[in-house]
Amino acid sequence: MYGTWFTTGKVTDLLARTGLDRVPVWVPVVLGVVLMAFVGSVRIDPALQGWVSIGTVTLLLVLNRRRGRGITVFLMMLSLLVSLRYIVWRLTATVQFSNWLQTALAVLLLLAEAYALMTLCLSYFQMAWPLRRREHPLPEDMAQWPSVDVFVPSYNEELSLVRSTVLGALDLDWPADRLNVYILDDGRRKAFHDFAVEAGAGYIIRAENNHAKAGNLNHALAVTDSPFAVIFDCDHVPTRGFLRRTIGWMMADPNLALLQTPHHFYAPDPFQRNLAGGMHVPPEGNMFYGLVQDGNDFWDATFFCGSCAIIRREAVMGIGGFATETVTEDAHTALKMQRRGWGTAYLREPLAAGLATERLILHIGQRVRWARGMIQIMRLDNPMLGAGLRWEQRLCYLSAMSHFLFAIPRLTFLVSPLAFLFLGQNIIAASPLAISVYALPHIFHSVITLSRIEGRWRYSFWSEIYETSLALFLVRITIVTLLQPHKGKFNVTDKGGLLARGYFDWDAVYPNVILAGVLCAALLRGVFGIVWQFHDRLALQSFILNTLWVVISLIIVLASIAVGRETRQTRNAPRVSVRLPVVVTDAHGRQMEGHTHDISLGGLAVGTRLATPDMVGGEVTVRYDSARDGIHVGVPARVLDARDGTLRLRWAVRDLEDERQVVSMVFGRNDAWAGWADFAPDRPLRSLAMVFRSIGGLLRRRPAEAPRALHEMGEGELPATEEKLEKQSFVLKPVPRSARHGATASAALFVAFTALVPAAMAQEAPSPDQSGVTAETPFGDSNTGVVPDALPAIDPAVADRISDAEVTRTLTFRNLGATTGPLTLRGYSPLQGLDVVVPANRVVTHAQLTLSGALSPSLLPEANAVTVTLNEQYVGTLKVDPQHPQFGPVSFDIDPLYFTGDNKLNFHFAGEYRRDCNDLFNEILWARISDMSRITLTTVRITPERKLSRLPAPFFDPNQRSTLRVPVVLPATGDRGALRAAGLVASWFGRIADFRKLSFPVSTTIPASGNAVEVGVNLPVDAEGGRPAGPMLAEVANPNDRWGTVLVVTGRTAQEVEVAARALVFSPDTLGGVASKVVSDVSLETRHPYDAPAFVPTDRPVRFGELVGAADLQGGGFAPAGMTLPFHLPPDLYTWRGRPFLMNMWVRAPGGPVVDLETSRVDVSLNNNYLQSYTLSPPGLWRKWSERLVNQHAGAVGHVTALPPWLLFGQNQLQFNFDARPIDRGACRRTPGDIHMSVDSDSTLDFRRGYHFAEMPNLSYFAEAAFPFSRMADLSETTVVLPDHPDTGTTGAFLDLMGFFGASTWYPAAGVTVMGADEVAQTPPKGDIVVLGTAAQLGGAASGLLARSPYVIHDRHITVGQRMGLQGIWYLFQDHDHAGLKDGVTANLNAPIAEAGVLLAAQSPYDSQRSVVAFTGDTPERIHDLVLSLRNKGDLPSLQGDLVLKNGDRFTSYRTAPVYTVGSLPLWLRLDWFLGHHPSALYLAGLAGAGLAALGVWAWLRGWSRRRIARDDLTGEL
């Protein structure tokens, strides 16, 4: 696109040899920017971010020691990368919207930070490559040189200020017949006219002063005709070579409309003069003129600054003259010309010098005008809009305009800590560590990089002081101008004033003084909070952080206040330090050669060895000649002091020619301001020290208050009334210099005149306290002062089936589920109940309920009671006895006919405490039923009915809540087919049992009593010992117990046994009411990953009605019992940056005058973690009517709830708790109690934004949802490795595990592969692997299967094995777990496993995307116990990491193995995860991105610079 990247250097040679120099520059830029953006958006743990930050800061410090623009561009890219990571962190991790106030404050701070980041980017863009344009030579033929009009506009400035500018303009080194100097006097003062006549300058006035300075210039353009116009403000005196060094570019480039030069100020600005050490700091304007404008020139976006510039008449007239719509006519004029396609240029050489604003208040006024003007341009002629500008120019103008919006962001940064210290609002929700590793590197990189770029033009931290001095004044201007851009007028900045005495300017600093007082109060509040108040760790950290923030803000504000300490200014003509060779001739003709120390329009100091005290009072002639500059000076002066080899002289100007010569000597020299940038390179620490030194200036003794003398007139003296000219348009043409006198002739006359100077008159030097300033002396500076410091019923037809043996059992309410304490009934919640379960193979013959508890003694006995019912049948009533509020034990017999399988025991409370009316929410309306109350049931067994159609009865009773046991009989041969079939049946029972505890004790013989399942080849299928005729299922009596039943799963071969098992589990509804049946095989559909029926689909929204019945989502009363929504998820759902999943919930509550919907609410919790509360208030009228037309949820109140991924597990439960309040219906008004509230079954859960991806090994995923084995519902990608001859304990553990799998997936394990340990070596297992057995049983297979585990089991001990390769380095990057895992100590693990169970997870040695989970231990019983722990909810939190040891009831978890991953992510998300877990890779990727971007940008900038300046000799270093 732009040709080759490089032309010189080592990089160029390398790229040329590899052919990469022909790659377009946009390629590395795009690649680098994309990589930087990706790296910038990756979130990592703060501790890891700390290492990344250390790396970037170290690199910055190393590279910053090397010079070169390529390094600078790279450091800019690196800085932007660090800042991008910071702002992304701020936006995604630190913002909490708890209330409207915190929201407003947090958003305001974020906007301020966004502004700061935008400003940083724009600054880098502007200053990336200053052009460093040099002067263009003029044609040798002077006849080709153009005519030039020089305009010096004035309004109310004093003549003494304007004289020097006009005389300097008249003395420009340019052909006299082509130089026209005009005074544009909007003040119409006769004195100015007379001076113009005397000096030979032109003089222009107009009839009406419209549009201020812009109008004045437009009028002058209308009455003059030169092709070029040069503009000087009335205090800007040019050097003689101004035109010779600038016009060349205007002639060489006919498309150039403007060439701007710097505004240099030879007098110190308020910051330099008023701050201690301020003179050692670059002037406030230096950065703009020394760096920004030069950068703008690179982009062809130089701003016109109103003075010291050459304008092409054709260009400015083509836009209708100078812009008059805003108060910054200069910048707006340049914008208009550039919209028309004109070019601009900037020559970074100070060719004129003027006066800076003397006082802070004047400086503020000037900046207020600039701010108003730039904001006006933004509103009225926004450069980001409209045609005519390239994008680079738009960005440059955006930078200039947006700069003056700094006031609100600056103030926001200063006062933000007050939000916490005074209002208690935490607007940055982050730990100090996180802030340190994100914010501090951002600030550090910005400061150091800007310091490198700005160098000697602007010192670090001083921009903050400059902005703070103006901020509070600019806030109002910023807002008003944004809203009303046409308001505001042009104000002339006063210059050249004097101060008789120093004083503190309250008018300029009082806003900051008030702000400092507020910050001091905040500091005291912070210290008080840290020292004397008691806080938790987080609160203490917040106090410390915000207090430090206040200290930083206070330092900046105090430094800005120090600027208001105005120092004495008694010189009308500031001194300029310069060393010039001069010759001083006294009255006796004695010539003394010397060098000046300083000069001014008032005098000079000359160092000469011949100075003697007797010269004081005498007159001398000072001669200075510079053939190079064409300056010849010979002006008389009076000796004021002569000592220590220094003569202090005051000019004794006799006429206009003398005055011109003095101006020429002081201002006309071509190198007069060459030292404008002679400041030491910026060093941030030194600069910070200067800030503290400046603050120390406030501690100096305050000077006496004094009237403010703004100019040289005496106190009480009124300005003289100036004679004005008539209001009319008038043009006085300038007199050519040749018609006045030539420069050579002037020099000759001067020499002759000096030869006639008489002897000096005897005169005493004035006393030191005399200023030497008089109204008559336009150069009135004596130059001698010292610079100042700055649960059915029995059917009779089946009664003969009942056994004679009765069993009695007593259950407390705790056993029935009241685990949280007594049942509490209240006026607004009068109903509580429990489930009483009677086993399906038993019938109740006698039942008794025994209750204890208490009733409120404040209730009326005749109107209060607790009614007890069982399945809506009356059982009894508890009466109130105010004298004895406690009751019990009270017993009630219950009719056995009331009982069914699942029974509802309910308690209904009716309470009143007064006879007229009652408040249901009164705290005295209560009753409590003790959780130690009990029910005693006597039951007998029913003769079993053996029919296959009743399966899974009698083996499984769905009403049972206690642990279920299903004995299994297996042959002792360890047949693999029988094992697979038994496992399939066990998983079917597990799927039916779901959350209930279930175990499968294994034996090789029929148990002595009870029921059992027998699986094997060629088993008897009837009492006569008949054999199967094929795959067969049969229910036969237990030969040892007539009440027991044995389910036989058999066939003639092992394959037929498996067919019988599949028929049992997949088509039990087709078996019919028979005791035995030969079955056929079942055809099964191919399963797909994550299609387990237990799992909520993640590819579509899921209705609540798909998970539970609608009745489960509704309740009665004002505070119904909590509603629950259980659901299962695959635990490997991964979202980008932990983005929450969404729940669209719709709730319904009775309308009308029943429930106070405004104060009623529904609380939503996830896995007992509170999420959010929502009002039951309906939507607005318009939304309500629109929903009736298009919404299926009409009448419901909708809410969207975020479900955080870190609160979601394999097994989950949403809880909804309604808390409604009745409407206040007045006294003695009945409040309806039979109300219903519900969660709409059409509410949805949406997990579509999740990807299946997980970090392994992770035993918590296995314990929660059998992951990763449950990924395939039929376990078709799972292999179970058992000992070759497993005992009953190991086989029982296997079946229990299959039951666990079935419960986890709700699908039988039809695809599982079972193999022996000895088969592993010949046939490596596929897929995910489960290993069951002791180390002795498994033999060498165990070590092979666990080859990638860091653990070794040997000699009844488990130890950490030898690490290999770079694994030790990997450990450095492991995360720190806070859930009780013993990270970092496992290297010394050497634990005995005697009488212990071991659960271990590792990566498969056969497939890096597969896992191995091993159940092992000292004995098979320990392994069985460990498997049973998977069904115990209380044990699940202890099962995590990659190793679990179970000793008795105690679990110990460890994590040692390196992390591996399973699943897949899109490429961009995989990279995000990878970089987020590998800080070194993140660091290197960031550097690569910054390097690529910097390489491309550097090459592009370099090429652009070559095109901007075609000749190498006309630009600086590229």
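Any Cβ shown, glycine's included, is placed from N, Cα and C.
Record note: among 360-380, 465-485, 738-758, 465-485 is the stretch given as transmembrane segment by Swiss-Prot. Within 10 Å of the C-beta of Asp330 (active site) we count 24 further C-beta atoms, all protein chains included. Contacts of Asp186 (active site) defined by a Cβ separation under 8 A and a same-chain sequence distance of 6+ are given as Pro153, Ser154, Tyr155, Ile205, Arg206, Asn209, Ala212, Asn216, in order along the sequence.
Put simply, Asp235 (site 'Important for substrate binding') is 17 Å from Asp330 (active site) when counted between their Cα atoms. The average pLDDT the prediction assigns to the domain 'PilZ' (569-668) is 91. Sorting each residue of the region 'Catalytic subdomain A' (144-237) by its DSSP state yields 38 helix, 24 strand, 32 coil. The number of other Cβ atoms within 10 Å of the Cβ belonging to Asp235 (site 'Important for substrate binding'), over all protein chains shown, comes to 23.
According to DSSP, the secondary structure content of the domain 'PilZ' (569-668) in residues is 16 helix, 49 strand, 35 coil. Helix, strand and coil residue tallies for the region 'Catalytic subdomain B' (314-374), in that order: 30 helix, 7 strand, 24 coil [DSSP].
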